[in-house]
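Under the heading ATP binding site, Swiss-Prot lists Gly533, Pro534, Ser535, Gly536, Ala537, Gly538, Lys539, Thr540. Marked as compositional bias 'Basic and acidic residues' by Swiss-Prot: 339-357. Annotated domain 'ABC transporter' per Swiss-Prot: 499-741, in sequence order. The annotation domain 'ABC transmembrane type-2' is assigned in Swiss-Prot to 859-1056. Per Swiss-Prot, the feature region 'Disordered' maps to 325-411. If you look up Swiss-Prot, you'll see 5-25, 291-311, 879-899, 904-924, 954-974, 986-1006, 1008-1028, 1084-1104 marked as transmembrane segment.
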Amino acid sequence: MGRRNSYFPGNFVPLFFVFIVLILQQERVICQEDRSLDNPAANRLYNQFVFDKISNLTEVFEDDIKRELGFCITNVKEDYNEAFNFSTKPDFLNACGKTTKGDMMQRICTAAEVRIYFNGLLGGAKRATNYLKPNKNCNLSSWMSGCEPGWACRTAKDVKVDLKDDKNVPVRTQQCAPCCAGFFCPRGITCMIPCPLGAYCPEANLNRTTGLCDPYHYQLPSGQPNHTCGGADIWADIGSSSEVFCSAGSFCPSTIDKLPCTKGHYCRTGSTAELNCFKLATCNPRSTNQNITAYGIMLFAGLGFLLIILYNCSDQVLATRERRQAKSREKAVQSVRDSQSREKWKSAKDIAKKHATELQQSFSRTFSRRKSMKQPDLMRGLSQAKPGSDAALPPMLGSSSDTKKGKKKEKNKLTEMLHDIEQNPEDPEGFNLEIGDKNIKKHAPKGKALHTQSQMFRYAYGQIEKEKAMQEQNKNLTFSGVISMANDIDIRKRPMIEVAFKDLSITLKGKNKHLMRCVTGKLSPGRVSAVMGPSGAGKTTFLTALTGKAPGCIMTGMILVNGKVESIQSYKKIIGFVPQDDIVHGNLTVEENLWFSARCRLPADLPKPEKVLVVERVIESLGLQHVRDSLVGTVEKRGISGGQRKRVNVGLEMVMEPSLLILDEPTSGLDSSSSQLLLRALRREALEGVNICMVVHQPSYTLFRMFDDLILLAKGGLICYQGPVKKVEEYFSSLGIVVPERVNPPDYYIDILEGILKPSTSSGVTYKQLPVRWMLHNGYPVPMDMLKSIEGMASSASGENSAHGGSAHGSVVGDDGTSFAGEFWQDVKANVEIKKDNLQNNFSSSGDLSEREVPGVYQQYRYFLGRLGKQRLREARTLAVDYLILLLAGICLGTLAKVSDETFGAMGYTYTVIAVSLLCKITALRSFSLDKLHYWRESRAGMSSLAYFLAKDTVDHFNTIVKPLVYLSMFYFFNNPRSTVTDNYVVLICLVYCVTGIAYTLAILFEPGPAQLWSVLLPVVLTLIATSTNDNKIVDSISELCYTRWALEAFVVSNAQRYKGVWLITRCGSLMENGYNIKHFPRCLVFLTLTGILSRCAAFFCMVTFQKK
């Protein structure tokens, strides 16, 4: 319903026609003489007859009221009873009958006269100039005393009045007299209309000082000295007829009685009864409202106390849990070490006893030659064993029949041993896991057999110690040796991935620039390959091409996976990519970061003890034991060191046990020792068959020698060398490029490729010729342009631009004479192609060939929930500040924006919508703005975007429920509107849910700065549109789509429903002026909720569509 400037519609008459007729429709069947009215029995019969007529006629006009006034009348019978049910106090009817000497019914207005009155209100007539449309009784030629305000006349005795007649005005000119108390007589008609409940309509008294008829605002007509003050003259909205409303601080049980409010009670304007105050509220005599500020203060103190506890104790909860885990872990480690020490000591004693027995037997057998030759060998084996390693363990004496019999009696199940150790920690029996035992798989525990955390830690550390012992025995272990070791100690084998690339070229679309050209080689499993080259050589582009993505580029050539032309994306579940930036959650500990990645990316059917082993192995190999329980830290809150953070960044990919691991400059910013520690961990992964490729910048010689293969790139993405590190110096020496003594070879080669150093003239080669020499050396086909113009080769190719991880080098398109406009157009086309390819990559899908089943959406959703719960607890201080701001906003708005009865508190609710929308949007931006890089990395790794989004939204539902309560606890108790707390709370929940979804979309689409500006601008602008009073169809149409409009309507309607009786006209006028409907309260909540759902769908679509992979 659109807005209108007037308060009342043209068809407003039927409502009041019903109200009047329902009371006044009677047959003149009762004696109208004064003595009949003095009879109590007759009075009861008279009242009973009136109310029977009312109940019968209600159904007749119910359809008309619903059709014409449905926007402000919810239940016709209920609203009628609230306004005109005088059954409890009918005294004013009997009093009027006595005053009019029995002709009251001939003074009551018909439907036609009621129509004249309300049509006058429609025309804008107010109290000061209340001239109604001329009619049969009051016009320019006939103006009697009954036409004056507060007066009425009667019809002739022989005239039968039809109160239902809404077309003909009866002649009513006889015996004009003041209006009865409890009725009002408008100026311009000569009849009476009953005042509604909640009104106070006594007979007026002349105030000789002001000349007004108190308590009303009309004056006596001039030139009529015998005219006196009558009754009430108007009933309209409170702004036009406030004098007939029962005043605040008093209550009116009937329209002729007004009583002051007693102590302990309060009475609002238009009250028919006094209301009890709450226990802690202060209500003095004549209180207009109860002072419930004490409840607000108590609630404020309670919430403040809880927030302080949350503020100070949130970290302690997680810290206590971490300490308990650390104790369990340390206990497991110590138990494993003690068990191994006991086993070694027991083995040594058994060997000593056996040798002593054999020595004694040798003496008794006169030094048998065979015994004398066997003893030194056994003693030598004992003396050579190291006390700190498993080398001291005895060999398995499988040939001994006694040993075979003993094995059958022994308990070899690790689970039983673990239970024994837990129950009997001092028992000398411990882990009986001997290195070299070929049957160790039979003794190893199954994942389902280990239940407690202590058991899993002991199992993990036992395996790690065995692996350390095996590596100590085989320091120069090869890949084939690892396979053999894996068979011995049950290391799970990983699928192998070999990546071969042949004549690979990458050209930037729109500009035709070569980012890489004629790249041929391969990456083998079990080897660590280093990619080196000067800045702009295309190192990051090369890594991007390996992952099967080159947005905005044309990629030619072949990439073979295990000798087949397949998409590398089909293996993304077993491919790890470590970005150059350390994208790690700063508000999680080192262990929590690693565990989350392991849970989401390891096989779903992998037992938890095996996952514990994987995580503990990575922590051990990366040297992160001492900081495992430390927060990684952020820019604002310092955590672990930069080198440790870099290792955690690598560990996120190692814990998923990849088959292909790609790292972009993992050693940048690390010192030599940290780099060696990281590379040793990577070499251990390579020994398990992992194909590792990493970009490095000028490594030290020690680090350089730890690589297996080297890929050396020149500017323009051309290969100068690809092969074993051990043969790189030999190859360049064959070209006449010899590394001087005491010079690091990689530094020397990169300086030559950069052009800083020039090869000796005797070599007869320049740095621009090195890529061609490599092609010729290996017999690769060389493009004709490179053969003909070696000098211009470098300038014809470009390096990486900013979109590919580097800066552009080489020639620029504008150098060949292209105009500025042409160059600009090429840049635009290139950017469009990049965006287009990104969108295609986001929605493209390839088959899964990794043969790894990771946890599903629901399981990942649970993992995300757990992670977000920890993050929210650690961000409790930020959350406490948000709540305190909401509390202050509620206090300020509740104090300053008092509820206005004329507008049903619309102004205060307008401020509420703006404040709550703004504050909740800004805080909701943090859900996605701060984690964009983390989401992009996790999504690229194959984690579920739906699980991520739903978990974020689920955790934010805590704020959706609590924040309205925090704000309302202050606003409601300081403002105290008539609507219930429940209604306001439900509206605020729907509002917060709606604006949170909008904030998600803004956070995903924009950077944090612009997103905050939009969050501030939208609530203000949309609220202005929703409250605009201009008769503009376009604005009205836009307003219908604004969430602020539905929130305001819900607030106002919930409040307007509490205004009944004398407030009926005010309610209908205010709702019509704003275009609200009293029945739209559920509809408003549905629209707010639907807006929140649709905005979340839009946010999820934008998150998936515009992510950067």
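Note: Cβ is positioned from N, Cα and C throughout, glycine not excepted.
For the transmembrane segment (1008-1028), the neighbouring stretch richest in Cβ pairs under 8 Å, chosen from 879-899, 904-924, 1084-1104, is 904-924.
Of the two recorded stretches, the transmembrane segment (904-924) does not lie close to the transmembrane segment (1084-1104), with fewer than three CB pairs under 8 Å once pairs fewer than 6 apart in sequence are set aside. Of all the binding-site residues listed here (Ser535, Thr540), it is Ser535 whose C-beta has the fewest other C-beta atoms within 10 angstroms.
Working note on the binding-site residues Gly533, Pro534, Gly536, Gly538: by count of other C-beta atoms within 10 Å of each C-beta, Gly538 ranks first.
When the compositional bias 'Basic and acidic residues' (339-357) is classified with DSSP, helix, strand and coil residues number 19 helix, 0 strand, 0 coil. Taken together, the residues in the domain 'ABC transporter' (499-741) have a mean pLDDT of 88 on the 0 to 100 scale.
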